[in-house]
Structures are given as structure tokens and as C-alpha cells.
Amino acid sequence: MEFFERFAIPHPSAPIYASMVAIGLTVIAIVAGLTYFKKWGYLWREWLTTVDHKRIGIMYLISALLMLFRGGVDAIMMRSQTAIPENTLLDAQHYNEVFTTHGIVMIIFMAMPFIYALMNFVVPLQIGARDVAFPRLNALSFWLFFMGAMLFNISFVIGGSPDAGWTAYFPLAGNEFSTSVGTNYYALALQIAGLGTLMSGINFIVTILKMRAPGITLMKMPMFTWSALTANVIVVFAFPVLTVALIMMTMDRLFGTHFFATTNGGMDMLWANLFWVWGHPEVYILILPAFGVYSEVISTFARRNLYGYKSMVASMVGISFLSFLVWTHHFFTMGQGALTNSIFSVTTMAIAIPTGIKIFNWLFTMWKGKIEFTVPMLYAVGFIPIFTIGGVTGVMLAMASADYQYHNTMFLVAHFHYTIIPGVVFAMIAGLTYWWPKMFGFMLNERIGKWAFWFIAISFNVTFFPMFFTGLDGQARRMYTYSEATGFGPLNMLSFIGALGLAVGFALIAYNVYYSTRYASRNISADPWDARTLEWATQSPVPAYNFAITPQANSSEAFWDAKKKGHELFKGEVQKIHMPSNSGVPFIMSCIFFIWGFSFVFSLWIPAILATIGIFICMAQRSFERDPGYYISVKEIKETESKLRGA
Amino acid sequence: MKIDHSLPLEYGTDQNQLNILGFWIFLGAEIMLFGTLFASYFTLVDRTGSGPSGAEIFEITPVLIETIVLLTSSFVIGLGVHAMRIGRTKAMITFYAITLLLGLTFLGVEIYEFMHYVHIGAGLQVSAFTAILLTTLGTHGAHVTFGLVWGFFIILQVRKHGITPETANKSFIFSLYWHFLDVVWIFIFSFVYLKGMM
Amino acid sequence: MKWNWAILSSIFTIITVLTGCNNKLMVLDPKGPQAQTQADVIMISIWTMSIIVAAVFILLVIMLVKYRASKQPADYEPPHIEGSKLVESICIGIPVIIVIFLSVITIQSNEQVETTPKGYEGQKPLVVYASSSDWKWHFSYPEENIETVNYLYIPTDRPLEFKLYSYGPITSFWIPQLGGQKYAMSDMVNTLHLAADVPGEYMGRNANFSGKGFAENTFDVKAMPQDEFEKWVEEVKATAKPLTQEKFDELLDPGHLGRLTYTGTHLDFSPAPEGENGEHHMMPSHTEHSAMAE
């Protein structure tokens with residue numbers, strides 16, 4: 001019995017027990033459903049063992065949407081708790097757990113898989129490649145991310161959630177002040193997911209650098225591919241920093257070292273520095289692909305080529321470089337002195353310049369265009385003004401002297417939601433809607449989509465705009481309650497109402513998926529948006545081999561040129577195509593990683609050692625395995641092509 | 001798989017080229033990893049709490065042995081890659097085996113060194129300095145250990161299949177990894193040990 | 001898309017209605033020179049940034065109104081336009097000028113908020129050691145040799161030097177109307193320079209999340225003329241009990257306390273983490289900076 005006590009929730013409540021039951025029932029329902037419909041084999045063959053970048057993309061997408069739901073529920077709980085003064089819906093401990101998990105889930109387990117969903121699906125198609133450079137590694141990346149996410153999420157019902165904030169500053173996150181295993185979950189789940197992300201980073205850089213179809217020089221790559229390249233370069237350089245920081249955190253918590261614990265020479269500020277050396281580039285990892293999506297969407301629906309291609313590229317490279325030089329602005333108030341603060345103020349404000357160029361280039365892309373307000377375009381057009389507000393408040397926060405007043409307040413919370421939600425969430429919904437027909441062979445309903453957009457755009461402003469004011473009025477962030485005398489009540493109520501509106505908007509998107517799956521016409525062309533880049537040149541849904549004949553490009557919008565200027569995309573004959581074979585090892589290895597992480601969380605050393613051995617066996621298997629792949633014959637390709645074209 | 005004979009075997013196929021580029025990028029990530037460890041080391045080096053400082057615990061002899069052994073192993077694996085390029089399977093396997101033996105020696109001395117530190121009261125939990133010292137060294141040591149197993153697997157494969165584009169590619173990538181560990185060690189030697197002893 | 005304007009202005013209206021009846025926003029209602037500097041910087045940046053926001057909004061509305069598909073003939077084919085050096089230079093140039101302008105202001109004001117406030121240079125500052133513990137604030141007045149918990153009395157028109165440190169998680173010492181915050185940490189002492197111009201009662205709090213009791217981790221600030229302050233000190237000395245080590249250890253236990261007053265300070269038996277070690281901790285950002293360049 002004593003052994004099992006460690007898995008109990010330290011601070012239980014009725015909703016948590018209810019969720020335990022709900023999670024249990026869902027798992028049983030899924031298992032029963034799969035068994036009843038005899039889908040285990042299908043699931044294993046087509047999904048769990050797949051190495052196809054398109055299917056991996058779709059799995060990323062499903063995970064991201066699930067996590068969006070989880071993070072969204074957290075958000076609603078926070079806004080409900082703070083809607084009125086001295087509310088007792090959640091107590092301090094629950095509120096702390098909720099905002100901590102909201103932050104981590106949204107950044108690491110929602111936004112990251114969302115961008116990797118789009119990158120996985122789109123990048124190989126945009127550059128006319130068969131797959132990514134290392135398809136097996138790609139599957140491993142996904143499953144590591146997925147198992148990291150699952151590990152993090154079970155903390156809620158087994159052992160307790162982390163409660164030290166998503167930044168997990170020491171000494172608060174140390175054993176002395178965070179006694180539950182929650183922060184262990186944080187360290188291990190992020191570590192596992194982070195390993196997956198690092199591998200993805202390497203994979204995509206190699207893919208983009210080496211696997212472009214003939215004619216696609218670096219400066220003729222579509223902008224989304226460029227954004228993926230720069231984001232993945234940041235991944236490769238930023239994530240190792242997180243790896244090291246998390247190792248140190250794990251050692252402090254499990255093995256009694258003194259890296260960050262403030263006794264025997266440990267240094268809490270080192271954690272803050274390392275965290276943000278990773279953390280700041282991380283937000284640009286999220287936002288650059290979003291910029292790429294907007295570039296594609298705006299150019300497509302303004303019916304014009306992207307304005308200022310070269311400066312767009314230059315600004316992204318500039319942003320990715322600068323993103324490593326600004327981390328100190330997350331803690332101007334730590335006492336570095338005026339000189340250091342001034343240096344980082346200036347580097348931070350400098351980021352506004354390349355970002356500004358991009359905004360103006362998008363505006364000029366619409367100039368002399370023929371703008372159609374489709375759902376993706378609405379998100380893009382809504383993004384520009386909202387993100388501008390987020391951006392200029394970012395410049396305001398960059399001024400260290402003034403930041404002394406904004407730091408740790410709702411003003412900051414408003415600012416980063418004003419950048420991340422239009423910057424990432426809008427972009428991901430836009431990209432999802434835009435590439436949906438390519439993924440699934442039918443379109444999402446435009447009418448419901450527009451309703452969802454207006455709900456989200458308006459509610460977003462209702463939710464977050466008031467926070468600029470409560471922040472300036474002295475409301476610190478992460479406060480689970482406040483007294484009526486503070487006067488924060490009405491504006492927080494307004495935020496709560498906005499949050500409900502946002503929930504309605506996202507529910508409409510979910511309904512749209514359901515509705516369109518049931519009713520939308522499957523009889524659409526491969527290019528329903530009249531788009532410009534190569535991914536639209538192949539069939540919808542995309543066959544396993546992507547392109548029957550490797551396309552030849554002449555510009556960054558080769559497909560447009562093929563449609564309008566008679567450029568010949570597909571030269572030559574269909575040849576047999578080499579494909580990588582499926583493998584269950586990435587999935588199995590990631591499951592072992594899950595056990596490994598879980599064992600570490602609870603300091604169960606025997607399973608931890610066994611899991612470590614298991615991981616090495618999987619790696620050995622990979623080393624000794626000969627994987628020749630397989631060929632798709634010319635006949636099969638021709639049959640697939642004519643079937644898709646006929647449909 | 002098409003093999004391009006104008007290039008060395010390890011670069012001969014498209015996949016091989018991807019693998020090598022991918023590995024170089026991985027090494028870039030590894031530089032960041034060790035860079036972070038070094039940065040943390042320099043931050044924490046004087047924060048010895050109630051524990052000893054570097055000057056008090058470092059001993060030159062084992063460190064010199066480790067350095068010489070590892071540098072030599074890096075040279076030997078270079079010979080191994082050369083043997084591979086001129087198609088001498090046996091010589092290649094011999095050089096790789098010597099490399100691994102030297103690596104094993106390095107590891108043995110390092111384990112001795114660690115035990116010595118713990119013995120004289122500079123264990124992992126003593127202070128921020130000992131924690132970062134042992135973590136930095138340990139991360140390098142773990143890389144070497146991993147390399148020993150990996151290298152052993154590669155020797156087995158070369159023995160079984162001979163020098164093919166696939167095994168050549170793996171062996172070459174392994175040599176990059178091994179040289180990289182050597183470079184990291186040079187930094188450790190100079191900035192941890194020498195600087196600490198001065 | 002004109003809606004956006006409508007939405008934003010309606011939000012503004014709602015907010016003005018909601019807050020209008022109350023006082024001004026705390027940060028923009030400064031009662032001391034540092035908070036004044038910060039409020040000025042904030043207002044300058046808001047006005048400067050409004051130019052950018054206005055430019056983007058106007059351009060966006062023009063583009064959307066003028067070039068929407070419904071306004072174009074059906075056979076209109078948008079032209080292919082590469083970038084224009086001139087236009088792009090303007091798009092870079094104006095932000096560069098704005099960033100330079102704001103940088104100058106930032107650098108000047110960074111210096112100001114890190115030193116004794118302007119106009120107060122000649123005076124001897126009142127030094128207060130402000131330390132946090134879960135979830136309280138301890139204020140030690142070494143010269144006056146008294147200590148309070150969770151409330152802070154200060155003289156007006158005299159520079160204040162707060163020495164900040166923590167007996168636990170990182171906290172942030174913040175009195176919005178007197179000036180912006182700074183961290184209190186357990187292994188170094190930070191100095192925050194403030195001053196109060198106007199007598200009155202102000203809100204002070206820990207702004208940095210520090211666990212369960214964070215929301216209530218506040219303190220009351222009362223600024224009063226120097227003679228009144230001195231009178232209060234005398235009164236404390238005459239009436240309050242001395243602070244012993246046992247008593248102080250008891251105070252450090254996690255929890256919430258009301259206002260407490262003592263003679264003597266804890267600095268004698270539990271000194272602040274100042275000195276060489278304190279200096280040392282200023283280094284990390286520099287070291288890493290050079291490490292990044294490697």
C-alpha cells in the first residue's frame with residue numbers, strides 16, 4: 001500500500017476525481033471501440049508504424065487540437081476564477097496548477113505540434129520531395145513528442161500537476177518549495193518532447209537543404225519553407241540549452257545536487273538565464289512558421305506574388321539571429337544594472353525592425369491585388385492589426401525602465417497573448433483551413449468558418465484588451481484572487497466574457513470539422529483555392545509518393561507559373577519510386593521512453609534502468625537493421641493517378 | 001540505390017549525403033549542449049559552498065593520461081577512415097578496434113578519477129561547483145561510453161558486410177563523432193583542468 | 001474590416017466607462033520621481049507606438065477597401081510586383097528612427113531608475129532592508145533600529161534605498177505608485193532607489209509568483225513628512241517589543257501575518273546576503289553572452 005501512496009494526488013478535489021473517471025471511461029471506450037470495429041490492425045499498420053510525413057503531420061495535428069482543448073479548459077477555469085473578486089471556485093493550489101499547465105500545454109504541447117503538423121505536411125510537398133530526409137527519425141520525433149505530452153498530462157491524475165509556473169523558477173521549483181512530483185513531470189515530459197523536437201529540427205534542415213526539386217534554389221523556395229528552415233535552425237541551437245537546463249533541474253530534484261537550489265553555491269539565476277536562452281528563441285520558433293503561413297495565404301488570396309521576397313527572407317534570418325540575443329529582457333528586474341538592461345533593451349527593440357518589414361510587405365502584397373475574404377484570408381487580415389498591437393506593446397516592454405512597472409503584471413499577459421494568439425493560433429487555424437483540402441480531400445465550410453473567425457477575433461480582444469488596463473492598474477499576473485477594493489473586478493469579468501466567446505469560436509471550428517466531414521463535397525479539384533505553390537500541383541488527397549514525377553520549378557510560385565505562364569512542371573516519364581518501409585520501432589521506443597520518464601518522476605529506479613536498457617536495445621536494432629525500403633511500380637502509380645484524377 | 005563512384009564511398013548515395021549533413025547539424029546541436037555546460041561551469045566555478053575548489057582536487061597525472069589516450073585514439077580513427085577509403089577492410093577494423101580500446105582506457109581512467117573525487121569529498125551533491133564539474137565531465141564520459149557501444153556495433157557490421165556504402169557511411173559518421181568528443185575534451189582539458197590548476 | 005475599428009473603439013468605450021468612475025490607473029498616477037519617470041516613458045512610448053499602429057491600420061483599411069475582389073472587374077489580373085528598394089527602405093528607415101529614438105529614452109531612463117532620483121542627490125537616503133519570506137515582507141530600518149512586518153512607513157521628500165533579498169522563492173518588490181519593481185532573491189541583495197513626493201497610503205506587493213500564498217503577499221505603504229516619520233520611529237522604540245532570533249525564525253514560517261512591529265532588526269543575527277558573494281551573482285548574463293558567441 002505504501003508503494004502506491006506516492007501516486008495519489010496531493011491536493012485532490014471533486015473535479016479531479018471526476019476527470020479521473022472521465023479519462024478512465026474514455027480509455028475504455030477507445031479500447032472497446034477499436035476491438036469492436038476490429039481496427040487494431042488498421043491503427044497499427046496505417047498510423048502507429050507509419051513513416052509518411054503526411055500521416056505524421058496529421059497525427060501532430062490531432063494531438064495539437066486535443067491539447068488546444070486541454071489548454072483551453074485551463075484558460076476558462078482561470079478566467080472563471082478571477083471573474084469576480086474573492087471567488088472560491090478554485091483555491092490557490094488548484095489555480096497555480098492550472099496556470100502552470102496552461103502555459104506548458106499551450107506552448108510545448110499545442111503550438112509546437114501545430115507548427116510541426118503543418119511543416120510535416122507541407123514542406124516536403126512545397127519543395128517537391130518524396131518525404132523528409134529521415135522518415136524513420138521523423139516518426140520517432142512525433143512519438144517522443146506525443147509520449148512527452150501524455151506523460152505531462154497524466155500528472156493531473158497521478159501524483160499531482162506542476163505548480164511552479166511554466167517558467168519553473170528556482171528555488172520555487174526546487175524540492176524545498178515544490179514537494180509534489182509535479183515539477184518532476186515538468187522536467188521529464190519536456191525533456192522527452194524536447195528530444196523529439198531537436199530531431200525534427202535536424203530532419204527538416206537536411207530535408208530543406210538537400211531534397212529540393214530541380215530549379216528550387218534557396219531564393220526560389222516558397223516562404224513557408226523558408227520560415228520552416230529558419231525556425232528549425234533555431235530549434236537546433238536552442239533546444240540543447242533546454243536539455244541541459246532540464247538535466248540540471250532533474251538532478252537537483254532527484255539526486256540532491258545544488259545547481260539551482262540556493263544552498264552550497266547553487267544559483268537560482270542560472271536557471272532563469274538558461275530557461276530564457278531557450279525560451280525566447282522558442283517563441284520565434286513558433287512565430288516564424290506562422291509568418292510563413294500568412295505569406296502563403298495573403299499571396300494566394302490577394303492573387304498576387306509576395307511583395308519583397310528578399311527582404312522577407314532577410315528579415316526572418318535577422319529575427320532568428322536576434323532571437324538569441326534578447327533573453328535578459330525576461331528579467332530586467334533581476335538586478336543586472338542599467339548597462340546590461342540597456343543593451344538588451346536595444347537588441348529587443350531591434351527585432352521590431354525586421355518584424356515591421358514583414359508587416360509592411362504583407363500590406364503591399366495586397367496592393368493592386370484582388371482580395372478574396374476566404375476564411376484563411378480573414379485570419380491573415382485579422383492578424384495584422386491585432387499582432388501590431390502585440391508588437392508595439394512588445395517594444396514598450398522592451399524599455400527596461402518602464403518594464404519595471406509592466407513586469408509580472410497583466411499588461412505582460414495581455415502583450416504575449418496579443419502576439420501569440422494572432423501570431424500562432426490564428427496562423428495555425430488559417431493554415432489548417434487552407435491546407436485542409438490537400439490533407440483530406442474536402443473543404444471546410446466557409447460560412448461556419450467565418451462565424452468562428454468573428455467570434456474568435458472579437459472575443460479575443462474582449463478577453464485580452466482589458467488586461468493592459470488591469471496591468472497598469474497594479475494587477476499582478478498569476479494571482480488567484482483579489483479583493484473588491486482593488487477595483488479589478490469589472491475588467492476581469494469582461495475578460496471572462498471574452499473567454500467564453502473564444503470558447504464558442506473554437507467550438508464552432510470543431511463543429512465545422514464535423515459538419516464538413518459529413519456534408520462537404522468530395523468532388524473538388526486538386527487546387528480549390530487557385531493557389532500558387534507546388535503542393536497544389538499534386539492530387540488531393542496526396543498519394544503516398546507525393547508526386548508521380550518530380551516537379552521542375554522556375555520560381556517560388558512554380559505552380560502559378562505553370563497555370564498562367566505555361567511553365568512545364570512535370571517533364572519526363574513516370575518511373576518506379578523508392579519508398580521507406582514502415583516501422584513499429586519508433587512507437588515502441590517512445591513507449592519505453594514514457595515508462596522511463598514515469599519511473600524517473602517517481603524515482604522508481606529498477607524500471608528506470610530496465611527502460612534505459614530497452615531504449616538502447618531499440619537503438620541497437622536500428623543500427624543492425626537493413627532497411628532496403630520498397631518500390632512503387634509504374635503501373636501502380638499510373639493507376640493511382642488516374643483514379644485520383646477521375647474522382 | 002544509385003551509387004555515385006566519383007565520390008568517396010561514404011558520400012556515394014543520396015541517403016549517405018543526407019546522413020552526413022544531418023550528423024554535422026547534430027554536432028552543431030552538441031556544440032550548443034556542451035557550450036551551455038561550459039557557460040554554466042564558468043558561472044558556477046567559484047561557487048564551492050563548503051566544498052573544495054578545483055585547484056584543491058585536480059590531479060595532473062590521470063588528466064594527462066586521459067588526454068594523451070583520447071588524442072591518440074582520434075589519430076588512430078583517422079587512420080581507420082583512411083584504410084576504409086582505400087578499401088582495406090582488415091586494417092580498418094584493426095584501427096577502429098584500437099580506437100575503441102583507447103576509448104575504453106580513457107573511460108577507465110575517468111572512472112578512477114570520479115571515484116577519487118567522491119573519495120576526497122568532492123561528490124556530486126557537495127556544491128554547485130562539484131555538481132557542474134562532474135556533470136560536464138560526466139556528459140562527455142557518457143558520450144564516450146555511448147561511442148564505445150556504437151563503434152563496437154559498427155565493427156561487427158563491417159566484419160559481416162565488408163566496406164559497403166552503408167557501412168562506410170556509418171563508420172565515417174562515427175569518426176566525426178569521435179573527433180568531436182576529442183575537441184570537447186581539449187576544451188575541458190584547457191578550461192576546466194589547466195585553468196583550474198593555475 | 002472597418003469593423004476592427006468599431007470593435008476597438010467600443011472596447012475603449014467600455015473600458016473608459018468601467019474604469020472612468022474610479023481613479024486613474026495606478027502606474028499612470030505616480031507619487032514619486034521614479035514612478036514619474038516610468039509613467040513618462042510609458043506615455044512617450046504609447047504615443048510613439050500609436051503612430052505605427054495608425055500607419056498600419058490606415059494602410060490595411062486602404063488595401064482592403066480598394067483592392068477587394070468585389071470592387072475589381074472580373075477579368076482583372078493583379079500584376080507581378082517584385083519589391084521596391086525605395087518602399088522597403090522607407091519601411092526599414094522609419095522603424096529604425098523610431099527604435100533609435102526609443103533607445104535613447106530607454107538608456108537615459110534606465111540610468112535614472114537605477115540611481116538616486118533626480119533632485120534628491122545631495123540628501124542622505126533612508127536605507128530599508130526589505131526581505132520576503134513565504135508570504136510576508138520584513139522591513140528592517142538599520143539606522144532607526146526598528147523592524148516591521150507587512151507595512152512600510154517612509155518619509156516623503158527623501159531618497160529611499162531598498163535592499164532587497166528573500167528567505168525563500170524569488171519575489172519582486174513593487175510599489176506601483178512609487179516606482180517599478182525589482183527581484184528579492186536569497187543569494188544576493190538588489191538595490192532599488194525610490195522616493196515619495198506626496199504623503200499618502202499606497203499599495204505594495206510581491207509581483208513575482210512565489211507559491212500558494214502569493215496573491216495575499218502584499219504590504220501597506222504610508223508616506224509621511226519627515227517629522228511625522230521621526231515621531232513614529234520614537235513611538236515604535238517606546239512601545240514595541242525587541243525582535244529576538246527565536247521570534248524571527250517563527251516569523252519566517254510559511255503563512256500570513258498581519259502588521260507587526262519590533263525594535264531591533266534581524267540584520268544582527270541573520271545578515272543580508274551582501275558582499276563579495278553578492279557581487280559575484282551579477283555575472284551570469286555576461287558569461288553566457290560570451291559563451292553564446294563561441
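Note: Cβ is positioned from N, Cα and C throughout, glycine not excepted.
Noted in TrEMBL for the protein shown:
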- A:38-554: domain 'Cytochrome oxidase subunit I profile' (DOMAIN)
- A:58-78: transmembrane segment (TRANSMEM)
- A:98-119: transmembrane segment (TRANSMEM)
- A:140-159: transmembrane segment (TRANSMEM)
- A:185-209: transmembrane segment (TRANSMEM)
- A:229-250: transmembrane segment (TRANSMEM)
- A:270-294: transmembrane segment (TRANSMEM)
- A:306-327: transmembrane segment (TRANSMEM)
- A:339-364: transmembrane segment (TRANSMEM)
- A:376-400: transmembrane segment (TRANSMEM)
- A:412-436: transmembrane segment (TRANSMEM)
- A:489-514: transmembrane segment (TRANSMEM)
- A:585-617: transmembrane segment (TRANSMEM)
Seg_contact(the transmembrane segment (A:140-159), the transmembrane segment (A:585-617)) with at least 3 CB pairs under 8 angstroms, min sep 6: yes
Across the domain 'Cytochrome oxidase subunit I profile' (A:38-554), average pLDDT on the 0 to 100 scale: 95
Distal contacts, the transmembrane segment (A:270-294) - CB-CB under 8 A, six or more residues away: 107, 111-112, 115, 118-119, 167-170, 173, 223-228, 230-231, 234-235, 237-239, 241-242, 244-245, 248-249, 259-260, 316, 319-320, 323-324, 326-331, 334, 358, 362, 380, 383, 416, 419-420, 423-424, 426-428, 430-431, 434
Candidates A:412-436, A:489-514, A:585-617; stretch with most C-beta pairs under 8 Å toward the transmembrane segment (A:185-209): A:585-617
